[in-house]
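Enquirer: The structure follows.
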Amino acid sequence: MLSGQLPVKALLVTCVIFTCIPPGISYPADTEKGRTRVVHVLEDESGAVIVQTAPGKVVTHRGGSITLPCRYHHEPENTDPARIRIKWTKVTDALQFEDVFVALGRRQRVFNGYRGRVSLELAGPGDASIIIHNITLKDYGRYECEVTNDMEDDTGFVNLDLEGVVFPYYPKMGRYKLNYHQAEEVCQEQDAILASHAQLHKAWLEGLDWCNAGWLEDGSVQYPIAHPRDQCGRKDTPPGVRNYGYRHKDDERYDAFCFTSNVNGRVYFLKRFKKINYLEAAKACQRDGAAIAKVGQLYGAWKFQLLDRCEAGWLEDGSIRYPIVNPRARCGGPDPGVRHLGFPDKKFRLYGVYCFRKNDESNDIEPTTKVAKTSSNKPTNATTRAI
């Protein structure tokens with residue numbers, strides 16, 4: 001049921017980042033970077049209740065824990081808690097719904113990939129918030145909180161955002177070779193998922209400039225241009241994210257825009273006395289108690305661990321790349337980014353190697369996050385280009 005003209009005894013659900021309030025109150029919920037978010041609950045002359053909430057989102061990263069806030073107020077207040085039904089659902093861009101969690105009184109059920117990771121916060125009466133632990137890339141998106149009592153119900157929405165990095169990807173066989181399903185697959189193979197439009201737009205605001213169109217998770221094909229030029233849609237057009245619209249997922253071929261977040265481990269350049277071919281590189285990482293790093297893992301380490309190494313190395317997909325946080329002479333140009341040297345012959349070409357060692361999960365427990373903090377010390381997507 002949408003907010004609007006509801007009976008006085010209707011159930012009122014408010015899902016916002018900072019707070020939720022009972023009817024008849026209007027006050028600033030909190031202040032973020034000088035901006036005040038206000039939540040209003042008003043009552044008109046007929047006694048009907050109108051609920052208005054400020055839009056917002058909660059932000060975390062892969063491997064973290066997050067509270068999705070949702071509170072409700074019911075008239076009369078002496079309603080039996082055992083008759084309150086709380087249901088959380090994930091809503092996709094295609095308006096498909098995935099069950100996450102449901103509770104009726106003391107009975108609870110968690111669905112599918114959320115099992116073992118979701119629980120009620122239970123911060124007090126009227127609290128329908130849930131905590132999601134060990135956040136994954138696929139947890140990104142919009143969630144619906146529905147609270148029902150007998151015949152009355154109301155819903156609210158919370159957007160779960162992830163700190164991360166968007167990177168363009170094409171396979172060894174070349175550019176514009178992937179249909180939608182293959183693009184999904186190659187991103188997953190490189191420890192990532194297909195990026196959303198919001199994620200690509202944010203990356204463009206941070207400086208991402210890429211002149212090849214790629215699939216996004218909603219089936220559209222887009223590409224970000226920070227520096228307009230004739231070979232990328234004309235020099236006299238304004239910067240922006242170019243959009244080809246929704247394309248045929250089976251027949252049409254493009255590149256992919258992938259999204260990844262913090263890595264649950266460490267990416268490092270393996271120090272050796274001599275350069276090696278691909279097979280030797282994979283074995284060297286294995287002997288070091290690690291695995292050859294994937295492209296998404298290298299991007300995650302560049303973004304979150306500030307990995308900066310001016311030495312080209314093998315990655316799992318057979319490409320040669322290296323991460324630069326602090327640009328300098330003979331390190332691939334004036335902008336930060338992950339340099340890409342292509343897909344050389346695996347047998348005869350010799351380079352270093354980037355390895356990935358996973359964290360010990362027993363030492364990887366993080367506190368629950370309610371409001372994410374941003375940092376200006378992390379690199380932006382200034383450029384991610386082949387050199």
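Each Cβ is built from the backbone N, Cα and C atoms, and glycine gets one as well.
Below are the features listed in TrEMBL for this protein:
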SIGNAL    1-26  signal peptide
DOMAIN    48-161  domain 'Ig-like'
DOMAIN    165-260  domain 'Link'
DISULFID  Cys211-Cys232  disulfide bond
DOMAIN    265-357  domain 'Link'
DISULFID  Cys310-Cys331  disulfide bond
REGION    367-387  region 'Disordered'
COMPBIAS  371-387  compositional bias 'Polar residues'
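Would you situate these features in the structure and describe their surroundings?
Expert: Over the domain 'Ig-like' (48-161) the predicted model carries a mean pLDDT of 84.
If you take the C-beta of Cys232 (disulfide bond) and look for same-chain residues 6 or more apart in sequence within under 8 angstroms, you find Cys211, Tyr223, Ile225.
Close to Cys310 (disulfide bond) in the fold, though at least 6 residues off in sequence, lie Tyr322, Ile324, Arg328, Arg330, Cys331, Gly332, each with a CB less than 8 Å from its CB.
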Enquirer: DSSP says what for the domain 'Link' (165-260): how many helix, strand, coil residues?
Expert: 22 helix, 30 strand, 44 coil
